[in-house]
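Reading through the structure tokens given below for one structure.
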């Protein structure tokens, strides 16, 4: 530590050198603290990068940047820079909002697709169970018809007939419950499919509108540029023809 050093005799070159070193050593931390405080107080390089770039441009280039963005070109250099920076910040916020909206729509589509898949799987399970019950009922009917046509050696008693009919007959309540579940599941699948199709149509319509909005000014600008280029070309051709006719007329006058 500097405080632990024995103080030297005043008036010598060594004492003045040590005092200067001690002063610099004591001031250096405060200087570093100030620098760090200034760096931390800033908003980061991304916020200061764009103004630094635009501040280095000339007024003419700044006006060209404003024209390319459809902004006003009146005012001083600082006004032009602030105008461009505000426009860029607004555009970035709009793009961020559009990205969030697209993400929410995509999430909604994924959730609807998962629900639709689960409902279809449930409907397939119920349908398969119903088919098994129908096959078992048909087999029971065939067995019952075969037993009726065959002549048994000994006639069956009432208790045996009741037992056989109970074994071969399926409970109608269970079949009706499965049929109602299948009907409800199919209606649920239909509603999910309609909802899924509606969301897809909405997203397609929004994307089409955005493409038309984005391509509209560009296409009109390109048409205006092509028309202006054509008009300039026609004007140059007309000017060249006029100059050529004037030169020919002057030559003819000199000859005469």
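Every residue, even glycine, has its Cβ placed from backbone N, Cα and C.
Automated prediction, rather than curation, is the source of TrEMBL annotations.
The feature compositional bias 'Polar residues' is assigned by TrEMBL to 160-171, 211-230. Annotation comment: TrEMBL describes 54-88 as domain 'SAP'. The feature region 'Disordered' is assigned by TrEMBL to 139-174, 205-230. Summarising the annotation, TrEMBL assigns transmembrane segment to 231-249.
When Cβ-Cβ distances below 8 Å are used as the criterion, the domain 'SAP' (54-88) is approached by no residue of the same chain that is at least six residues removed from its ends. Across the domain 'SAP' (54-88), DSSP helix (H, G, I), strand (E, B) and coil residues number 24 helix, 0 strand, 11 coil.
Within the model, the domain 'SAP' (54-88) shows a mean pLDDT value of 84, rounded to a whole number.
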